[in-house]
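Visitor: This structure is in C-alpha cells; I'll ask about it shortly.
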C-alpha cells in the first residue's frame with residue numbers, strides 16, 4: 001500500500017497540482033493520509049509487540065534513525081546546495097530557514113512564517129510531523145498502563161480532530177490546520193488504533209468493507225457542502241474519514257483479503273520498496289529538470305513540459321531505486337543489528 005500512496009502523491013504533484021494540472025488529479029493529500037495511517041500502524045505494531053523489552057526505547061530510536069535520517073539529510077543537503085548554487089531565478093521559491101529542515105521543524109516554521117517555502121522541499125513537512133510523532137508517542141505509551149492505552153488513542157484522535165477544527169473555524173490560517181502535529185495526530189493515531197485492533201480485537205471483513213463505503217460517502221458529502229457553502233467542513237472532517245477508510249483497508253490487507261490482491265503485485269511492491277526515496281526526491285528532480293531545460297517551474301501545459309514531467313518521473317524512480325539499493329537497504333540492515341531483548 002506504500003507503493004500506491006507514493007504513486008498517488010507523484011501523480012498529484014506532477015500532473016494535478018501544477019498550473020495547468022488535470023482535473024481530478026489533485027488527490028495528493030489522500031496519499032499523504034495513507035502514509036500517515038501506514039506509519040501509525042507500523043509504529044503501533046512495534047510498540048504493542050515490544051514495549052515490555054528492557055531496551056525498547058534505545059532500539060526503537062536507533063532503528064528509526066537508520067531508516068529515516070541518513071537519506072533525508074542527504075536529500076535535504078543536496079537540494080539546499082542546488083538552491084544556493086542556482087541563486088535567484090524565477091522558477092525557484094525561497095526555502096525556509098536551513099535549520100528548520102535539519103531539525104524536522106519546517107512544519108512549525110511554515111506556520112510561523114505563513115509560507116510553505118520552496119516546492120522542492122514542501123513534501124518534507126509530512127516527515128517533520130512523523131518524526132515528531134516517532135519521538136513522542138513511544139514515550140507516552142510507556143507512561144500509560146496497558147488498560148489506558150485505548151482511551152489514550154481515542155483521546156488523541158479526538159484532540160487532533162478538535163485542534164484542526166478550531167484552527168479552521170477560528171480562521172487562524174489553513175497552514176496550521178494542514179501541517180502541525182497536533183492538527184494531524186488523529187490521522188497517525190488512526191494507524192495506531194488499527195494496530196491495536198489487529199492485535200487485540202476481531203473485526204469481520206464485512207464491517208471492514210462497510211467502513212470505506214461510509215467514509216467515502218461522508219467525504220463526498222463534505223466536498224459537496226464545501227463547494228456549495230464555501231465551508232471549512234471538508235478540510236476538517238475529510239482527513240479523518242479518509243484515514244478511517246485507509247485503516248479498514250490496512251486491516252483487510254493484514255488479514256490477507258482478496259479484495260486487496262492487486263496491491264500485492266510486483267509493480268506495487270517495487271514502488272513500495274522505493275516509496276520513501278521517491279517521496280523525497282521527486283519534487284527536487286522535477287524542479288531542476290524543468291528549470292534547467294525549460295527555464296520555468298514544473299507544469300504540463302505544453303508538450304515540452306509534459307515530456308519533461310514524464311522524464312522527471314522516470315529519473316525520480318531510478319534515483320529512488322538506487323537510493324534503496326545502495327543507501328537505504330544497507331543502512332536498514334545495520335539498524336537491524338540492534339535487537340529487542
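Every residue, even glycine, has its Cβ placed from backbone N, Cα and C.
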Visitor: Looking at 3-23, 234-254, which stretch does TrEMBL describe as transmembrane segment?
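Guide: Residues 234-254 are the ones TrEMBL records as transmembrane segment.
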Visitor: For the transmembrane segment (104-122), could you work out the same-chain residues 6 or more beyond its ends whose Cβ comes under 8 Å from its Cβ atoms?
Guide: 76, 79, 83, 92-97, 128-129, 131-132, 173, 175-176, 179-181, 283-284, 287, 297-298
Visitor: Which one of these stretches, 134-163, 234-254, 274-294, has the most C-beta pairs shorter than 8 Å to the transmembrane segment (27-48)?
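Guide: Out of the listed stretches, 234-254 contacts the transmembrane segment (27-48) most.
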Visitor: Sort out for me which stretch, of 134-163, 175-198, 234-254, 306-327, has the most Cβ pairs below 8 angstroms to the transmembrane segment (69-92).
Guide: 306-327
